[in-house]
């Protein structure tokens, strides 16, 4: 009884009062930050491995173009479903269990993919069962990878001090690019796709072990326990949340059309006008500028404000995308593409911060899932825009730039409402 009384005294009387739950050492935030950085590094490596191993798998298993398309579609479908699925689980299971799920499942999928060819039924060349099994594993991996990016942002927004939140989110974003670079280094030592999949299991398992410690990865202090407040999912569709939800859905939908359209058709466009050296230079500039964009986001948010920095990112991306279509010189292409991805990364880092803070903490996971739900449709639209290149190669990029401008205008028109909701969210945190 005495021990129970002591435990009750340690519980916070106010669920929003984090001081009673926070460890006495202020450096505990850096331990959480380390875990999330490791998680994003794993996501970056897993994402890059999909495209990196596709040709090797197709050649070794004698897959045709249809089977290659199924493998690519499995990952794309999972990545679109991930934010929706994990957004719901954030509110139902809690932040920490959802993050652990996003960490361990991709490692299991990587291990299973490495040993698929050892199953006699799947080992036949050109086997459709092998293709479908690998597509299923990549879909599950992508659901967790896509969900990890959203879940960890919700988690960090709730648990990190406000004064260093934007800087930490910016550094976390950089881990995706570092993960892609780390994969290329791993591929030098383990060139076969089976070896690469087996090796990629290790970072996820190490990160899972780190996150299993409640001291390194505690539950969000602002999360309302189950049963404390019963808020149905449909509350998000009622006033005043409905207007905010619609604005953010439109904003993210047009944002993703440009982002996914540039990713899908950028290198394809370069193949029609440039040599291999040009494609290499522009591709490397893209990664460097995305890293710089992640670093710039925190500084821009501090000096200009989050909404102003997001709008600046949208406009910069639109200008860079348009410039990309107006020149065929190697250096000019590299500069234009760098400007586009610099702006897009600034907007991408800070837009999710605005999105997370716009919803009450009890509905935050579900709100994020609803806003991210149209991402799959945006990907389909972005992919179909490639048909316009039959008329003129640069038309898809003009549409991409226009969609990014529309995304910024939607946010600008409702900026007062979004700002007020974000301030309300900060007060809850």
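Each Cβ is built from the backbone N, Cα and C atoms, and glycine gets one as well.
Among the features that TrEMBL reports, domain 'Major facilitator superfamily (MFS) profile' is placed at 32-419.
A Cβ distance under 8 Å defines the sequence-distant neighbours of the transmembrane segment (30-50), meaning residues of its chain 6+ beyond its ends; these are 72, 75, 99, 102-103, 106-107, 110, 138, 141-142, 145, 148-149, 152, 155-156, 159-160, 168, 171-173, 175-180, 182-184, 186, 196-197, 200, 203-204, 206-207, 210-211, 215-218. Annotation source TrEMBL lists transmembrane segment at 30-50 (among others).
Residues or ranges marked as transmembrane segment in TrEMBL: 70-90 (among others). Beyond the transmembrane segment (70-90), the same-chain residues lying 6 or more positions past its ends with a Cβ under 8 Å from any Cβ of the stretch are 50, 54, 57, 63, 97-98, 101-102, 131-132, 134-136, 138-151, 154, 364-370, 372-373, 375-376, 379.
Feature annotation from TrEMBL assigns transmembrane segment to 97-115 (among others).
Proximity of distant same-chain residues to the transmembrane segment (135-156), defined by a Cβ-Cβ separation under 8 Å and at least 6 residues beyond the stretch ends, is recorded for 32-33, 36, 39-40, 43, 46-47, 50, 70-71, 73-83, 85-87, 89-90, 95-96, 98-99, 101-103, 105-106, 109-110, 112-113, 116, 165, 168-169, 172, 220, 352-353, 356, 364-365, 368-369, 372. TrEMBL lists 135-156 (among others) with the feature transmembrane segment.
Among the features that TrEMBL reports, transmembrane segment is placed at 168-190 (among others).
Per TrEMBL, the feature transmembrane segment maps to 304-327 (among others).
Beyond the ends of the transmembrane segment (333-356), by six or more residues, the same chain brings 150, 153-154, 157, 165-166, 169-170, 173, 248, 251-252, 255, 258-259, 262, 266, 270, 274, 278, 281-282, 285-286, 288-290, 292-294, 296-297, 300-301, 306-307, 309-310, 312-321, 323-324, 326-327, 364, 367-368, 371, 404, 411, 418, 422, 425 to within a C-beta distance below 8 angstroms of the stretch. What TrEMBL records for 333-356 (among others) is transmembrane segment.
Marked as transmembrane segment by TrEMBL: 368-391 (among others).
The annotation transmembrane segment is assigned in TrEMBL to 397-419 (among others). Using a Cβ-Cβ cut-off under 8 Å and counting only residues 6 or more beyond its ends in the same chain, the transmembrane segment (397-419) has close neighbours at 243-244, 247-248, 250-255, 257-258, 261-262, 265, 269, 307, 310-311, 314-315, 317-319, 321-322, 324-325, 344, 354, 358, 382, 385, 388.
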